[in-house]
Amino acid sequence: MPSTFYIRRPRPQPPRPASPRRLRSRLVTGEVSAGERRRLAGVQGHGLSTGSTGVVPRLEQLLNMDTTPYTDKVIAEYIWVGGSGIDIRSKSRTISKPVEDPSELPKWNYDGSSTGQAPGEDSEVILYPQAIFKDPFRGGNNVLVICDTYTPQGEPLPTNKRHRAAQIFSDPKVAAQVPWFGIEQEYTLLQKDVNWPLGWPVGGFPGPQGPYYCAVGADKSFGRDISDAHYKACLYAGINISGTNGEVMPGQWEYQVGPSVGIEAGDHIWISRYILERITEQAGVVLTLDPKPIQGDWNGAGCHTNYSTKTMREDGGFEEIKRAILNLSLRHDLHISAYGEGNERRLTGKHETASIGTFSWGVANRGCSIRVGRDTEAKGKGYLEDRRPASNMDPYTVTGLLAETTILWQPSLEAEALAAKKLALKV
C-alpha cells in the first residue's frame with residue numbers, strides 16, 4: 001500500500017500591528033480604528049496620560065473643555081508677522097475677562113532677535129493689538145488678535161506694513177472713496193516629509209492640468225477636508241470669507257475674502273492665513289505660498305486683488321476705472337517690486353499671467369496685468385482685478401498701494417497722455 005504524504009501549509013499570520021509610535025502619528029489624521037485606539041490606551045510613554053478612556057480622548061477632552069462656567073478669564077492669541085515678512089508668529093496670554101475691542105487688550109512684547117526683527121543686545125519688540133477675531137480652535141470667549149510691531153520708542157518696524165497702510169486708508173481723500181477689496185488667496189498643500197504637492201506620486205507627476213480645477217473625485221481633488229475646515233473656521237472667526245475652490249494645479253486651492261473696506265482687507269487675509277497654517281499643522285500637511293512651487297507646465301499661485309472705489313461703483317464709473325488703469329501703468333515697476341518674492345517665476349506670460357516686464361489691460365482677459373470683467377464693461381461701472389500680486393504678497397502693502405496710486409498719486413499730464421495713447425485708453 002503506497003505511503004500517504006501530507007504537506008503542511010503555513011498557518012496564515014494576522015497582520016503585524018502598528019507600533020504605538022506609528023499609531024500616535026496616525027491619530028492626527030484620524031486613520032486609527034476603534035481597536036487600535038483601545039490598544040493604544042494601554043500603552044504608557046511620551047508623557048501622555050493614559051487610562052480607561054485612552055490617550056487621545058483625554059487630550060481631546062481637555063482641548064475641547066469649555067472654561068466659561070468656571071472662570072471669566074479668556075485666552076488671547078497675539079499674532080504678528082515675523083522678520084521674513086511672510087512668516088506668522090503667535091503666543092498666548094490670559095486676559096481677565098472677555099473683550100470686544102482691541103483697545104481693551106494690553107500691549108505686549110516678544111524677543112525680536114529670535115524672529116529676525118531686532119538685535120540681541122536690544123531685542124524687545126512691542127505688540128500693538130489692532131483687530132480681534134473669535135478663536136475657532138479654543139472656542140468660547142477666547143480670541144485671536146492681529147497685532148503690528150513697534151520699537152520700545154514707538155517706531156514701526158520695517159516689517160510693519162500695516163502702519164503705512166493705515167496711514168493711507170485714514171487719508172480723508174481715500175476714506176471718502178470707501179475702497180473695496182476682494183482678495184483671491186491661492187495656496188499649495190505639500191506632503192510633509194517630501195515637500196511635494198498633496199496627491200502627487202512621490203518623485204513623479206500626475207496627469208496634465210485640465211481635470212483638476214473645481215473638480216470632484218479622489219483622483220482629481222486633493223485636500224478638500226483642509227479647505228472645508230478652513231472655510232468653516234474662517235466663518236466662525238468672523239472673517240469675511242466669500243468662497244473657495246480647487247485650483248488648476250492639483251493640490252492647489254483658493255479662497256476669497258471680501259468685499260472688505262480699507263485696512264480690514266489686510267487684517268482678514270493675515271488672520272485667515274494664520275488659521276490655515278494651524279489647520280495644516282494639525283493635519284500634518286505643509287502649506288506653501290510660493291508663487292511657483294513646481295516649475296514647468298503648471299500654474300503658479302497668485303493673490304489676485306479685486307478693487308473698486310465709490311466713484312467706480314457709481315454710474316459712469318468705467319471712466320474712473322480707466323483713469324486708475326492709466327495710473328497703475330505708470331507705476332507698474334513700483335507695484336511689481338512690492339507684489340511678492342519670486343513673482344518673476346510666475347509672471348511669465350503663460351499660465352494665465354501677463355509678462356512681469358510689460359503692463360497690459362483687457363476686458364475678460366486673464367493674460368493681462370489688469371482685467372476688467374464683461375459685466376463691468378456692460379454696466380459702465382464696477383471694479384478692476386489686479387492679477388499681478390503673488391500668493392505670498394503682503395495684503396497691507398498691496399491694498400495700500402492700490403489706493404495710493406489710484407486716489408492720491410497724480411501723474412503729470414504729459415505722462416498720462418503718453419500712457420493713454422500706449423494703452424489705447426480714452427479718458
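Just so you know, glycine gets a Cβ as well, placed from its N, Cα and C.
Summarising the annotation, TrEMBL assigns domain 'GS beta-grasp' to 74-154.
Marked as domain 'GS catalytic' by TrEMBL: 158-427.
The region 'Disordered' feature in TrEMBL is assigned to 1-23 (among others).
Counting same-chain residues at least six beyond the ends of the region 'Disordered' (93-116), those with a Cβ under 8 angstroms from any Cβ of the stretch are 72-76, 78, 80, 82-84, 87, 123-132, 141, 143, 145, 147, 149, 157. Per TrEMBL, region 'Disordered' is recorded for 93-116 (among others).
Residues belonging to the domain 'GS beta-grasp' (74-154) score a mean pLDDT of 97 in the model. Helix, strand and coil counts under DSSP for the domain 'GS beta-grasp' (74-154) come to 9 helix, 39 strand, 33 coil.
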